Structures are given as structure tokens and as C-alpha cells.
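S.K.: Feature list, courtesy of Swiss-Prot:
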TOPO_DOM  1-11  topological domain 'Cytoplasmic'
TRANSMEM  12-32  transmembrane segment
TOPO_DOM  33-56  topological domain 'Periplasmic'
TRANSMEM  57-77  transmembrane segment
TOPO_DOM  78-89  topological domain 'Cytoplasmic'
TRANSMEM  90-110  transmembrane segment
TRANSMEM  111-131  transmembrane segment
TOPO_DOM  132-157  topological domain 'Cytoplasmic'
TRANSMEM  158-178  transmembrane segment
TRANSMEM  179-199  transmembrane segment
TOPO_DOM  200-252  topological domain 'Cytoplasmic'
TRANSMEM  253-273  transmembrane segment
TOPO_DOM  274-288  topological domain 'Periplasmic'
TRANSMEM  289-309  transmembrane segment
TOPO_DOM  310-319  topological domain 'Cytoplasmic'
TRANSMEM  320-340  transmembrane segment
TOPO_DOM  341-350  topological domain 'Periplasmic'
TRANSMEM  351-371  transmembrane segment
TOPO_DOM  372-385  topological domain 'Cytoplasmic'
TRANSMEM  386-406  transmembrane segment
TOPO_DOM  407-413  topological domain 'Periplasmic'
TRANSMEM  414-434  transmembrane segment
TOPO_DOM  435-444  topological domain 'Cytoplasmic'
Amino acid sequence: MILDTVDEKKKGVHTRYLILLIIFIVTAVNYADRATLSIAGTEVAKELQLSAVSMGYIFSAFGWAYLLMQIPGGWLLDKFGSKKVYTYSLFFWSLFTFLQGFVDMFPLAWAGISMFFMRFMLGFSEAPSFPANARIVAAWFPTKERGTASAIFNSAQYFSLALFSPLLGWLTFAWGWEHVFTVMGVIGFVLTALWIKLIHNPTDHPRMSAEELKFISENGAVVDMDHKKPGSAAASGPKLHYIKQLLSNRMMLGVFFGQYFINTITWFFLTWFPIYLVQEKGMSILKVGLVASIPALCGFAGGVLGGVFSDYLIKRGLSLTLARKLPIVLGMLLASTIILCNYTNNTTLVVMLMALAFFGKGFGALGWPVISDTAPKEIVGLCGGVFNVFGNVASIVTPLVIGYLVSELHSFNAALVFVGCSALMAMVCYLFVVGDIKRMELQK
């Protein structure tokens, strides 16, 4: 008994924070791999002789595959568990990132098609990642900590841009665009090995103390999420009537469409923002790598603060509905200020406005906490997949729309209006469509 007590004390009482740190790091690399082409894009387009419209299609290739795999990916997560599916996802997205560094070995006529294919397979492989993050947070964190935890892993996208944009810009400048992809691929392979070793279910984790397990399970964490019973919703497959129930629920539809509009802002920054700075503002690639990190850092700060503020409101006794909606509405109002960049030629002011807009986007990007709060507990992964289908339609639409606008109008002005209006539409979804935020119950 004494030995048992000693062993128990050696275990972590905050193992969930270690899990969150790992998710944060993996998500940062996830977004860096998405953004590799935007940083190297000017040089890639020049060497492979690609037009703005062609680049728009290549940027959107990720989104086509990412969207197509969302519902199958969510079902795979519910059936096989987060650890196993995420392991394969991480390995293969790292592989296809690595291989993008070799597309110049193809004849020029095929190089653009090869890049499109690699980006398509990158999206295919990354598809389960965010639904898996939502499942892991739902399994490991009590309700009152879930907003902060979700905001932290979601803010990894901004931290990623802040950390990797200067690095990838320097690699492009000093070593060539090919090394942007090969270096990121190798980082992903290392993370795959660490993931296998460090990630476990709450009830199986060797560092998990009985005290922490009791605390999280009694306060809303779904600790047995991956302990599936025969005949459960996950075990029996992605039934069409489950998806129909999600799509006929007004609250869920408001959340789904809101995520589409929020993601439009994200995909502008992930694809065209560095090219905007080069073509519209005349910056060098090396300078763009540094400048792009400023809005990203502000987005990171906004992302963390939005989650903390939301959970603070819950702890003060405010309703879950108000605590989630207020940061979203305020954040989207700030994000819409991106339109003001059309009214100044001052580069410093443009960067400041972009930073304010990205801070607002981060502050209001609480879609994943809302999904953790509202998804039917039997199909959290599937619900996250449907949510991500809606959200990542933006990964297809945004690059293409901006590519055509820039090609036809020879300016980014209309593109910034498109992005700013999307922020306002996200606000409308949460104010007038979502209604009360509560967990949806499946009709069996």
C-alpha cells in the first residue's frame, strides 16, 4: 500500500496539460505544412511558370481532399480511436509535404500537375487532425476548461505562422524553395515517433493519477470515448440518419456555416497573404517571412485570450451560450477591419490592420470549443468531421475566388472586401441562427 501511494504520487496530476502541449505542437506543424506553399509560392510559380489562376487551383487542391475526407475521417476516429488514426494521418501528411520538394524533377509540363497532386494528398492525409483534436480535448478536459484547451490547440495555427514564416522565408531565400518542404517533412517524421510514445487514452495513460482521472470524469470529460461497445453509433458506421439529424438541427447548422465564414479569413492568411505583401506592397520574400509573423503572433494572442475569456465568463456564472457567443461576435467585428487596408498605402499601417484583423479572428475562433460543447457524445468525431466539411469549403473557395479576383482586377482590393464580409457573416450566424448552445441528443 505504501509503495502504491508513492507510485501514485509520482504520477502527474496534470497529465492533461502534457496532452494539450503535444496537440499544440503537432497542430503547429500541421498548419506550417499547409502554409509551406504560400511562403515559397512566388518562387514556385516563377520556376514552374504558373499563373495566378493556376496557383489558385493548386492552393485549393488541399481543400478538395481535406473536405472529401472529413466525414470518413470522423467515422474512422469514432471507430478506431484518436491515437491510431492520428498516427497514420501525421505520418502520411509529413510524407507528402516532404515529396513536394521534388516536383521540379518532373518535366515542366507535369510539374504543376504533380504539385497539385501532392497538395491534394496532403489535404487527404491531414483531414482527421482537427476532429481528432476536438475528440482528445473532449476526452481529457472538463467542461469549464474545454474552451481554453480548445482555444490553445486552435491558436497553434497562429503560433505556427509566427514561428515558421521567418524560418521558411529564410530557407526559400538561402537554400531554395525545395528545402521548405523537405525540412518540414523531416520534422513531421520525428513528431510521429513522439506521438506514438506519448499519447494514450485518459484511462490508459501511464502518467494519469486516480485523482486527475476522477476530477476530469466528474466534470464533463468523456474519458471512455474510445472504449466502444458493440452496436454503438461509432461501431455501426456513419449512418446517414445521424448526419441528417446534424443537418436538420438549427443550432448545428449555424455553427457549421459560421465556421465556413471564419475559415475564409484563415485561408486568406494561409494562401494569398504572403503573395499580397510581395505583389501589392513590394516586399521581398525574406521580409515577408518576418512581417507575416506579426499578424500571426497577434492571432495567437487572440486565440488564447478568446478561450480564456470564454471560460472565465462560465466560471463567473454566465450561461454557456453567452460565454461562447460574446468572444465570437467581438472577434469577428475586429476581423472585418481588414477591409480598411484598401484605404492606405502605408505598409506599416497595413501590417497593423492585418494584425488587428487576425487578432480578432483568433479571439472569435471558438468553433471547436462549441463543437465539444454541442456534439452528440456518441459521434463527436463524425460531428467534428461534418463541421470541418463546412469549414473547409473555404479552403477551396477562398484561394480560387481570390485568384480570379486578382487575375481579373489586377488588385487585391476586392479580395479584402470578400474576406472582411465573411467575418461579418460569421457574426450573423452566431447572433441569429445558432440560438442556445447545448449538447445535442441523438434520436436513436
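Even glycines carry a Cβ here, placed using N, Cα and C.
Help me see these features in their spatial surroundings.
M.R.: Sequence-distant contacts of the topological domain 'Periplasmic' (33-56) (same chain, at least 6 residues past either end, Cβ-Cβ under 8 Å): 62, 93-94, 97, 100, 103-104, 108, 111-112, 115, 119, 122, 126, 160-161, 164-165, 168-169, 172, 176-177, 180-181, 184, 188, 270-275, 278, 285, 288-289, 292, 399-400, 402-404, 406-407.
Confidence in the topological domain 'Cytoplasmic' (78-89), given as mean pLDDT, stands at 91.
Proximity of distant same-chain residues to the transmembrane segment (90-110), defined by a Cβ-Cβ separation under 8 Å and at least 6 residues beyond the stretch ends, is recorded for 26, 30, 33, 36-37, 47-49, 118-119, 121-122, 124-126, 129, 178-182, 184-189, 191-192, 195.
If one looks beyond the transmembrane segment (111-131) by at least 6 residues along the same chain, the residues whose Cβ comes under 8 Å of a Cβ in the stretch are 26-27, 30, 33-34, 37, 44, 48, 50, 54, 57-59, 61-70, 72-74, 76-77, 85-86, 89-90, 92-93, 95-97, 99-100, 103-104, 368, 380-381, 384-385, 387-388, 395.
Long-range contacts of the topological domain 'Cytoplasmic' (132-157) within its own chain (CB-CB distance under 8 A, at least 6 residues past either end) are made by residues 16, 19-20, 23-25, 27-28, 30-31, 77-78, 82, 85-86, 89, 199, 201-202, 215-216, 218-223, 225-226, 266, 299-300, 302-304, 306-308, 310-311, 314-315, 323-324, 362, 365-366, 368-369, 371-373, 375, 380-381, 384.
Long-range contacts of the transmembrane segment (253-273) within the same chain, counting only residues at least 6 positions beyond its ends with a Cβ under 8 Å from a Cβ of the stretch, are 31, 34-35, 37-38, 41, 59, 63, 157, 161, 247, 292, 295-296, 299, 328, 332, 335, 338, 354, 357-358, 361, 364-365, 367, 370-371, 374, 386-395, 397-399, 402-403, 406, 412, 415, 418-419, 422-423, 425-426, 429-430, 433-435.
Nonlocal intrachain contacts for the transmembrane segment (289-309), taken as residues 6+ away from its ends with a CB within less than 8 angstroms of a stretch CB, comprise 39, 147-152, 154-155, 157-163, 165-170, 172-173, 269, 273-274, 277, 283, 327, 331, 351, 354-366, 369.
For the topological domain 'Cytoplasmic' (310-319), the residues of the chain that approach it from at least six positions outside its boundaries are 143-148, 151, 326-327, 366, 369, judged by C-beta separation under 8 angstroms.
Counting residues 6+ beyond its ends, the transmembrane segment (320-340) has Cβ neighbours under 8 Å at 147, 258, 262, 265, 302, 306, 309-311, 313-314, 353-354, 356-366, 369-370, 373, 416-417, 419-421, 423-424, 426-427, 430-431, 434-438 in the same chain.
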S.K.: Do any residues of this chain, six or more beyond the ends of the topological domain 'Periplasmic' (341-350), have a C-beta under 8 angstroms from a C-beta of it, and if so which?
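M.R.: Distal contacts: 281, 283, 413, 416-417.
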S.K.: Pairs of Cβ atoms less than 8 Å apart decide it: which stretch in 12-32, 57-77, 351-371, 386-406, 414-434 has the most with the transmembrane segment (158-178)?
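M.R.: The stretch I would name here is 12-32.
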S.K.: Between the stretches 12-32, 57-77, 179-199, 351-371, 414-434, which wins on the count of C-beta pairs under 8 angstroms to the transmembrane segment (386-406)?
M.R.: 57-77
S.K.: Any contact between the transmembrane segment (12-32) and the transmembrane segment (179-199)? By contact I mean 3+ C-beta pairs closer than 8 Å, pairs at least 6 apart along the chain.
M.R.: yes
S.K.: Per DSSP, how many helix, strand and coil residues does the topological domain 'Cytoplasmic' (372-385) have?
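M.R.: Helix, strand, coil within the topological domain 'Cytoplasmic' (372-385): 12 helix, 0 strand, 2 coil.
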